[in-house]
């Protein structure tokens, strides 16, 4: 009898919860419409996979790409609408969040055609790969719009779990397995530290979980300058540091870059940084408003360490992917300058502008690496020697993307860094900007070293990989070359689009 009553109560409670969730989705689902499009695409992928054979493989790519493009379109139509808080405070919709969601969707849209040929050559499972990419994209989008501590914790875990699975997708590769294990262990440790910081923030604010309500709670409890807030700040900075991978939280980055499939590295190298930057900006700027001096100091230390260590260690690398791993550590140091400057002096606008250029530069470089790797099977920097003699288009594309990453004028990377450093200088961050300028010059050295190898025509320096290099038919690689061409153009011709990009970025206020 008791069991029967408890069972009825459980059914009633479950029904109420389901009806409440259905009510929220029905009346507030429009606020997360771009995310709903991706969810629909995921369901459609699963249904087609269950009911079709291998001949329908092109449909998988088409559905994934189409859902991403439609989601981008939905975001653009919603641009400049009034900020809205929905789902009982779980999500916030505003220009700042939406532009980061747009960047994540853009990354995923460019990464899918970049992966097609690689998946077919390595005989990887297509459906699962695309499901993981779309789910990670969905997690990143939810993270950008998250407005409470629970969602901010759950959304990156959704992204991270898919990232772990993607990095270990080539199960027979020992390096991939090792990289995945390191990634998983360090990711789990960082998540526990992050949630520990959230618990201190929750307790100090009197039990509040929404970001703005936490500020009000700290004022009411007079705990905004307490030791508990300092513990929360340090713990959350460490937890977010793993996602952003600045020094000294970069230990996982080189191994994961080297061991993971190259299209996966391309995807993770940009989406993780975009999502984590959006989350870090909002968490530090809103709940830790009264501790701005403290978190500015912490981020300045991370930025200096990242710019110096990342660029110095990149010089010594022999693997192209490991070199880009250390380069990305240096690049996140530049992005942190924009976070420190904040909304004053266009800090966020400069950060967003540089991230947009970084996406094109980085994905363009990885597209070239994927193409070269498929045709030669090597990742060693020395094996790129003389590539210009065999494939001028690929060599020039790689050279332009690398030089743009280094910030050589008149490429996009130069304008992005110029705007970022100028905003930092205007905000009084003279030492930080000076370090950024010096390390940028240092990065040009190792990028130019690779460009010199690409353009060499001496037979004694050309390796057997390039001597036996054979270009594949254009039809078989057109998807990779399409992504590569788009990224190269975006990395080299910023002048036409610079002013509109800056104007849009300057509108991204909270």
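Cβ atoms here come from the backbone N, Cα and C positions, even for glycine.
Taken from Swiss-Prot, the feature transmembrane segment covers 31-51, 59-79, 99-119, 124-144, 149-169, 183-203, 229-249, 295-315, 323-343, 354-374, 395-415, 418-438, and the record attributes it to sequence analysis.
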In the same chain, who gets a Cβ under 8 Å from the transmembrane segment (183-203) while lying at least 6 residues past its ends?
149, 152-153, 156-157, 160, 163-164, 167, 209, 214, 228-229, 231-243, 249, 251-252, 255-256, 287
Between the transmembrane segment (59-79) and the stretches 99-119, 149-169, 295-315, 354-374, 395-415, the largest tally of CB pairs under 8 Å belongs to 99-119
Under a criterion of three or more Cβ pairs within a distance under 8 Å and sequence separation of at least 6, are the transmembrane segment (229-249) and the transmembrane segment (323-343) in contact?
yes
Proximity of the transmembrane segment (354-374) to the transmembrane segment (99-119), 3+ C-beta pairs under 8 angstroms
yes
